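This report refers to the structure that appears directly beneath it.
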Ligand SMILES: Nc1ncnc2c1ncn2[C@@H]1O[C@H](COP(=O)(O)OP(=O)(O)OP(=O)(O)O)[C@@H](O)[C@H]1O
Ligand SMILES: [Mg+2]
């Protein structure tokens, strides 16, 4: 639930263009060989571009990755034609877009989709039509509870829980407040995960759910403080979290609780927006590796963005998710012997071998089954005056709801 | 037939009818008076479109003050307008049918009555013509048809002969005479004194909302007050009328 | 818009004998359009089939807006919002009762019809701009409420919203129309039925009463028309049409979102109905086409869909200035000119 604010773009562009490695790394990540010329293989994506926030970042990095693939051998000589549709955060548009991509264009799979509403609208359609979907970033519950959709990320529920687990294990927190927007299968779902884990651990948990349309930060903060909990998890998108932290600063509440957030507050513009007061006092759980980490995939991601993306494309964790989705589907397509059809692609996805990446903690695979949540481990970062620094490496978010997937 | 007692109508500062008391009885009765005398206003009161500020109105012995316009239609009191009011986008026939709809006349009977009425007002040939394409006389006849189709006790017409050609006027007079013979009472407002003199048993003369005279047509039209207040304006016509 | 404006409208001459003959001559273009859609749309592909289905749903609601404007002289700036109300009832009833789609459709139409009558109540006192603003305020209010409460998705409680987390339910489609294509044809058939019903009503006693009211309150009273009741029937019918449209839309997508129902959409639909020429039954279809398909077509040509709004603005000015009977009127004139040319009749 990160928001690609222009501010973020600027900060990212300045911050990370320096940390680049030479373009050679880019080509390695996406293949080797002559530019692809054969009959294109169509891959689709549906993103919420126009609307309350721009969620198109993952499709931009996926597009850059596919361009790189096409320039370097393609899928055994055939290029990928990547078709991206905007759902405008509207279920009707999302349903029409899926019909267009799947029925009319004949895409063999979807990769890099990122939408607030698309999973819920189209999950059944994908299942009925045997289309496999690697979502770049899944936010609502529906993205994690469908037979044909597997998101790259952990999801905000596990990210929220991860923040709590870290505070439980390392800071001795024994009671929590979960603050989230009251959107069905979004805020409530996040906080339920915390409560289920808390029940197992004998930890007290409270919810402060609010109408997303009316955000009164001061009253939310006071409500949360009144519960007397050790830690407060602000499970909000960054634009909503910033005024909440500002309100807490106004009451000088920094020392009164442990302040936490899920990946959504891991935004390069966030430290400046909340100010020095909070330096060292906010910890965030992140679903992918840090944006400036120096692993192979993170390095390749940044260099592919520079070579094949636009300067204006965000370099954020959505973008990391899109890169991974494109990379994984490319590997799966390359491994298919015989016809590349939606059936063969879905089969290949369901039986794929798990893939490792420095962007992830564990290996990722699509997996069989009725729901998918392969990515279950993340890292912790602590906010500094001008950025974020890693404070804990990979650990699993032990959500009781995932018992069946882990077994 | 029409008994009016101390009737007053006011619109804001205007009092077009001022403590008017009047009795009219006859097969065809006339209402005359100069422009702005309050004739149309009185007709509006009788048909239930205007609520009087004071006074009572009785028709056929019944105080109708409490009846709404639609109820008066059901009770047998109908009217036409000074400027014909016909829906442009309904046919002549449909314009007439509206009154049958209001009275919820059963379908079969409604069809017969509609056909009879169209015949009677001479619109059988133009029945399917839209209101927007009817000429002045047909508009008048459509309105009269809408009154007739309900089988009324009383029809009230506001200057029905205005603007008619001689032949049309004759057809109107024939129609009204026929209706009257069949037992329908008629109240007619007109500036055409010949028409009034030729048709009406009784006449009332209004001026500035007051009654100038009322009674048998001959007597009233001979009344010097009437001649001064109203007929004076039509001296030439009057002379011709007497000569005829 | 005042009553007088509607009665000033130039009218076609035709009034042929016989219900079917009259309907065919008056609505020949519309009937042809329905047949053409049934024949051509199935071959346009899934995306267009879905878009045409939405367009049909909007057209049915637009018929209600056109009805209120042309028959009663009332401006309803809540057309899309009322469709949302219909969708809400459809979803709520479908999830709560599990009844067959057809029955849900009828019930949603009845409930939305009742809502339409309620929205018509202010019309007892207000008309013209004030009434238009009241409907716009309703549309805005509906948007605020439905955005925060959300459309029913199979949860419990009065609002039918899922709490916390659970599988969001999609509205079931009719058993005979599960596929997108079958559902499009189904929606087309419902639209044909709704348009026919509208035609029958306007040719019935109720329609004559509306015409009488347009001619003037005085003559309507004098002809025994119960104006309040006649108006309520129009508001009810317009509401029911919106209900059918909203319910069909909900069935098409399976769920609805507040974002589709912001007041600007209602405002736009009214403008398009005016451009289309609400005095013709075909206007609703034209308005639906402009509302739903025109932006999609521009989009498929790579032209920004928002350009459509600008074009609509110009078209509205054109309609007001030089084509008072709208596109439908111009098409009608054109087809009758051709017919006359072919049959050698000179009018
Ligand atoms: N609704 C109204 N509001 C205000 N004044 C009115 C109204 N109706 C009529 N009047 C006034 O009442 C007076 C009588 O009008 P009315 O129409 O009854 O006259 P009339 O005798 O029918 O005249 P004419 O021969 O010109 O038709 C006029 O001064 C007129 O302006
Ligand atoms: Mg008069």
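Including glycine, each Cβ sits where the backbone N, Cα and C put it.
Since the structure is predicted, the reported quantities are computational estimates derived from the model, not experimental observations.
Of all ranges given (C:8-28, C:29-49), TrEMBL attaches the label transmembrane segment to C:29-49. Among the residue ranges C:234-256, C:303-325, the one that TrEMBL annotates as transmembrane segment is C:234-256. Listed by sequence, the residues of this chain that lie at least six past the ends of the transmembrane segment (C:181-202) yet keep a Cβ under 8 A from its Cβ atoms are 23, 27, 30, 34, 37-38, 41-42, 49-50, 52-53, 56-57, 59-60, 63, 67, 71, 105, 173-174, 210, 237, 241, 244, 248, 251-252, 281, 284-285. Using the rule of three or more Cβ pairs under 8 Å, pairs at least 6 apart in sequence, the transmembrane segment (C:103-121) is in contact with the transmembrane segment (C:234-256).
Sequence-distant contacts of the transmembrane segment (C:70-91), counting only residues of its own chain at least 6 positions beyond either end whose CB sits under 8 Å from a CB of the stretch, comprise 1-3, 5-6, 57-58, 61-62, 64, 104-105, 107-109, 111-112, 115-116, 119-120, 123, 127-129, 131-133, 135-136, 138-139, 142-143, 146, 151-153, 160, 171, 202, 207, 210-211, 213-214, 231, 234, 238-239, 242-247, 249-251, 255-256, 258, 260-261, 263, 265-270, 273, 278-279. For the transmembrane segment (C:128-151), the partner stretch with the most Cβ pairs below 8 Å, chosen from C:29-49, C:234-256, C:268-291, is C:234-256.
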